[in-house]
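Working notes, beginning with the structure itself.
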């Protein structure tokens with residue numbers, strides 16, 4: 001289930017002493033004496049009216065330069081001018097004595113302050129390196145700032161590739177500037193004065209003319225020798241629509257899909273060879289159907305070349321038994337087809353093969369094509385899953401061995417099989433089976449990070465093997481399986497933390513594995529390396545401090561593109577890895593313009609913390625208004641997503657709608673990653689299985705009660721909102737809470753009944769409805785009487801949502817109608833899908849959320865409960 005589309009997502013020490021931190025100590029200050037250094041206290045308050053004798057303006061009054069009569073005597077620039085008074089020697093001597101005594105006293109006080117424990121290091125403060133705490137320190141964040149991309153961090157579009165002769169450190173750079181669209185460059189030359197001459201230019205411009213048409217590439221693949229020239233893929237059908245194209249590893253052939261059939265073009269010939277012939281509207285070759293693209297591959301490719309280019313693996317997808325869901329378009333015609341005469345005023349209907357929970361799934365089988373023999377074949381497995389109980393989630397060629405690893409699960413995603421096939425012998429066997437239903441009652445997430453490790457006896461690797469994610473003592477880690485049919489791994493990482501999309505790269509020369517993990521904090525990401533024997537774990541970036549880092553590694557593992565994503569201003573640099581002989585470091589992006597823009601804005605204070613609910617520690621992010629005052633009472637908005645394995649509380653730099661609410665409207669915004677979310681271990685994650693919505697809602701309510709008890713929170717003004725799964729959990733929370741804690745809620749594109757959502761996602765967490773009818777009933781939003789006990793809630797949905805169908809909101813509205821519940825508002829968006837973008841809709845969503853929330857916290861929705869005509873109110877007042 002994808003999240004809503006919001007402003008791009010997606011504060012710590014920098015990696016080198018030469019680089020400045022994103023926010024210096026002069027920029028971040030607290031009003032609490034116990035949480036700042038005495039030095040900053042003195043410097044900050046030199047001009048404080050309470051110290052120098054001037055009077056403060058009363059709370060609520062705007063700052064003005066026109067001070068009263070009593071103030072003028074103390075002002076030099078703004079007050080009445082008075083001639084300076086001369087000071088004699090005796091007076092100056094006494095001033096020196098008093099000054100020295102003051103400095104001595106201050107020094108003694110500082111020593112006492114530090115020794116007494118009153119001083120708190122910066123790490124103990126709320127994590128707010130970019131926050132504004134000085135009144136009038138900047139401009140307010142606006143909606144135009146957020147949605148206009150002004151807080152977007154620049155990232156250079158780079159991709160590591162291997163050189164023709166195995167060179168390491170080559171970058172494929174897209175849109176590189178200097179009128180060059182696509183270039184290959186050695187990173188060691190990047191930025192040099194004469195680097196332009198050392199670049200290999202693959203494409204000068206971003207497009208070109210073909211037979212009178214201007215063509216722009218959607219994707220590019222460099223040939224192995226960087227010397228291929230552009231020409232039509234199919235000379236006989238140059239204008240034909242191509243659904244997918246894939247270049248062979250040797251850059252000598254292209255396999256492509258057209259009209260759901262597969263074709264092969266060998267580049268030394270103009271001939272196009274048709275591989276399959278029975279593809280059609282319900283049978284696909286080499287590309288996934290809707291549910292596999294959405295929930296498994298998240299791409300339109302289901303085609304895999306062998307490393308030697310002699311075989312092609314591909315999926316055959318038969319969705320003939322999958323039921324159809326109609327999506328209606330009332331304003332536009334996405335197909336581009338002209339309506340038939342007389343049907344101009346009817347909506348266009350797009351019929352999607354959409355398997356809902358419990359419905360028939362597409363039948364997916366793995367097939368192979370022998371390029372030399374021009375033959376399609378399959379490999380039979382003795383103990384394979386039945387066709388209607390099999391999900392194929394990953395294909396990995398085992399180097400040049402003509403073997404392939406296939407990852408499969410059962411329909412409910414709790415039994416995993418790793419199958420090893422030999423395409424030359426056309427045999428296969430299951431080499432590894434895991435059952436997490438028996439282990440911890442959980443599930444397997446879809447993953448495509450399995451990495452083949454070839455044998456190299458001279459380098460200590462006797463047999464071929466592969467690296468895969470494993471479950472080790474309740475956490476996701478990485479293991480090395482060797483030989484290929486071994487089901488017992490060498491454990492490469494371990495601890496009460498988890499790896500993330502690992503491994504990132506394997507350095508075969510030095511037997512080093514690189515990966516990203518949450519070892520320092522579940523809210524952070526850092527890069528690590530470990531040897532293939534499981535020893536020598538070390539951090540790739542020394543002294544990285546607190547932060548959220550991404551890393552991509554060169555083909556040979558000698559270089560890494562490090563992307564610091566927050567919480568401070570993001571930056572990018574390329575460094576040499578510890579295994580590299582030559583030390584190298586080059587800053588690519590510092591986002592100086594963004595840094596200046598942020599410093600001119602009043603930013604929210606970010607307070608990262610954990611709370612305990614039912615013995616589980618949950619991550620929380622509290623966003624406070626820039627000039628937070630504990631003596632005030634603030635309304636609180638809870639924003640969450642809460643989906644299985646997701647994470648919202650992380651230390652990325654992210655100025656979004658929530659930041660706007662906190663910084664501009666001056667509401668507190670809290671995000672809680674409750675049970676079921678990711679990166680805190682399987683015990684916390686898998687407890688929700690079979691009953692999603694219960695623990696997620698329970699934890700939001702528990703957190704809300706904690707905040708409601710805080711002195712600075714107005715307990716009568718608590719609201720919650722979310723999109724997609726977050727919309728579902730918003731409604732589930734309001735249903736479970738029944739107005740006791742939360743008074744308001746806003747749900748966008750929510751699931752209201754999991755029987756309406758797609759099979760692969762839903763059954764992973766809920767089993768099938770046939771096997772868990774009670775769980776589905778519990779997870780459905782049905783208790784409308786409890787929803788009626790909330791002050792008010794808001795529903796929004798895109799009419800053309802092909803992901804979370806409008807059916808979800810409409811069936812809930814019907815339940816509300818039947819029960820006579822009316823304390824809600826509804827807004828639907830014609831022709832908008834799950835992201836709600838059509839015809840300015842996305843901005844309208846957030847404008848609606850903003851104004852609706854303001855009215856809620858202003859008490860307007862409470863008045864509606866007893867609304868009556870103004871004339872009647874006036875008449876009643878007159879009678880009194």
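A Cβ is built for glycine as well, from the same backbone N, Cα and C atoms used for every other residue.
In this view, residue 724 (active site, charge relay system) is surrounded by 24 other Cβ atoms within 10 Å of its Cβ, with every protein chain counted. Among the features that Swiss-Prot reports, active site, charge relay system is placed at 724 (among others).
On its own chain, residue 801 (active site, charge relay system) has 327, 749, 832, 833, 834 as residues at least 6 apart in sequence with a Cβ closer than 8 Å to its own Cβ. Here Swiss-Prot flags 801 (among others) as active site, charge relay system.
The active site, charge relay system feature in Swiss-Prot is assigned to 834 (among others). Just so you know, the Cβ of residue 834 (active site, charge relay system) picks up 22 other Cβ atoms within 10 Å once every protein chain is counted.
Taken from Swiss-Prot, the feature compositional bias 'Basic and acidic residues' applies to 1-26.
Taken from Swiss-Prot, the feature compositional bias 'Low complexity' covers 30-40.
DSSP assigns residue 533 (N-linked glycosylation site) to coil in the three-state reduction, placing it in neither a helix nor a strand. The Cβ of residue 533 (N-linked glycosylation site) has 11 neighbouring Cβ atoms from other residues within 10 Å, across all protein chains displayed. If you look up Swiss-Prot, you'll see 533 (among others) marked as N-linked glycosylation site.
On its own chain, residue 778 (N-linked glycosylation site) has 691, 693, 694 as residues at least 6 apart in sequence with a Cβ closer than 8 Å to its own Cβ. Residues annotated as N-linked glycosylation site in Swiss-Prot: 778 (among others).
Look at Swiss-Prot and you will find 1-71 tagged as region 'Disordered'.
What Swiss-Prot lists as topological domain 'Cytoplasmic' is 1-93, and the listing cites sequence analysis.
Taken from Swiss-Prot, the feature transmembrane segment covers 94-114.
According to its DSSP assignment, residue 801 (active site, charge relay system) is coil.
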